Amino acid sequence: MADSGLLLKRGSCRSTWLRARKARPQLILSRRPRRRLGTLRWCGRRRLRRRLLQAQAAGVDWREGARQVSRAAAAGRKTAPSPIPSPTPASEPESEFESASSCRRPLLIPPVRPVGPGRALLLLPVEQGFTFSGICRVTCLYGQVQVFGFTISQGQPARDIFSVYTHSCLSIHALHYSLPEKSKKELKREARNLLKSHLNLDDRRWSMQNFSLQCSIVLLEHLKTASVNFITSYPGSSYIFVQESPTPQIKPEYLALRSVGIRKEKKRKGLQLTESTLSALEELVSVSCEEVDGCPVILVCGSQDVGKSTFNRYLINQLLNPPFTHLRTPQKMVYYGKPSCKNNYENYIDIIKYVFSAYKRESPLIVNTMGWVSDQGLLLLIDLIRLLSPSHVVQFRCDHSKYMPDLTPQYVDDMDGLYTKSKTKMRNRRFRLAAFADALEFADEEKESPVEFTGHKLIGVYTDFTYRITPRNRESHNKILRDLTILSYLSQLQPPMPKPLSPLHSLTPYQVPFNAVALRITHSDVAPTHILYAVNASWVGLCKIQDDVRGYTNGPILLAQTPICDCLGFGICRGIDMEKRLYHILTPVPPEELRTVNCLLVGAIAIPHCVLKCQRGIEGTVPYVTTDYNFKIPGASEKIGAREPEEAHKEKPYRRPKFCRKMK
């Protein structure tokens, strides 16, 4: 390699090599690699250049390493191999991080190291990120990292992370953290002590060899819980979490991450926040922490697929620092039963008033809105702003979104809503704002000095997603997310690990008498003689109304109007016993809360098809599934979520499923 500094002779590959040399003058190949470069294809040249750049970024002199490898190989041919000493137990060296820099091999940036079956170690330099798809359990062993606005520090418990393909991939970013006034050697010793309970000697030594100030060490583990096992047990659901690479790879990094259950993705596939989004987040977090006269009410609006829900989750993670992959029991919940409020605006407004009345201004309130911002949807949004009187309105827009006027305080005051009039007209069509404000329940200290509803501050946010949801795939993605939510809720019925999964048809349902609960179909007008047809094998909301339904000797008890009431949870009506007049309800709601349920609401939210089609252990005809179905019947072709064209699923009237058994 003495002629490594010679200029390249003229040849067929001269222009290609000169371009590479001008881009990186430090990367100079010898004569033999240059000849090999001329015979390589463009993809091989790109791989070679990427390896050289990785070696340079890792701070390794690849030419010096190559010389030492060549000398060692030559010495091995001249001398006989020495016997390998048998391992003897010895105390750990004081400096595990000391090693010869000449033997250090080029590392990937960021480096990933397998540390056992289903476990990998990730070393992130400060302000670097690792974008991935799949599911895993993340533990920050040293330093501080952030995932989707949620900060994970050393000493905190492990977090379960889900990065599904229907959204932008998640990234693990290393953050700046305060360092004590210690030397680098003392910091390494402290980090080594933190790693002892998680890693063996070789893995700790590797970590210390690549240790740098402000770096973060993250442990990635294979995620195996009852919820994950339940969701992936259905065919077609496992690919949502983990997708195999289109081209098989044998790289150590790929194999290590595959054992964990994730795959490294390009940075452009991760969540990219614009400057306006980051500025809005910083302002709202600062206002929430510094506001003295109550907590802010933040309303987020914009058209479909501009990032409203993503922004809300990111903001909530920064405000409250909660686990972001788990369902939580809400403080106040009403089951609306439909994905849209079209043709039922007044009921939608009444539900919002009912839920908002429980807000005590003890913490920031984040209000998400629909993506319907044209025609009557815009008028309905103006009504919501007047009713909720938010302190901040975050308005999203992007290049592909529909036109939407700036919702400034002046614009909201001058425009008529769907049910409210502008302030200049001083009257409302259906209800007055003052009457609504008087109906709100405030805390005792706020009754003496009630909060005055003033104008809001408008914050404009521009988003530019590289991945666009088109009208063609929006229906499919919405159905996937809805099904995942329902399956995650039903997974609470499963026993804890390591017990095996129990099929839903093997679980014992609750028996509910006809005269103990009232029934109501929320999304459609159903004749009383067909109510039980609609309830059977349906997703039901378990609600509590103020009226006393007891005293009726027979049933079913039917409601003439949809009540606005508290929803305590959900369940499946998996069978109806007409002889004993019983509903068979399968739900994870605790028995002490079920005693207060006296109403069942059935909406347009359907049970995932995989729950009905994939019933293990069923022989013969699968209950509630048929291919002999007439779509010409009125109402038969109405979409609920997204219908699969191959098969139709319809509940059969009054037929007790073969898997249903009574509670003993």
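Glycine is no exception: its Cβ is also placed from the backbone N, Cα and C atoms.
According to TrEMBL, the feature region 'Disordered' maps to residues 642-664, out of the candidate ranges 182-204, 642-664. Over the domain 'NOL9 N-terminal' (121-243) the predicted model carries a mean pLDDT of 89. Helix first, then strand, then coil: DSSP counts for the domain 'NOL9 N-terminal' (121-243) stand at 32 helix, 43 strand, 48 coil.
Using DSSP to sort the residues of the domain 'NOL9 C-terminal' (506-608) gives these counts of helix, strand and coil: 16 helix, 37 strand, 50 coil.
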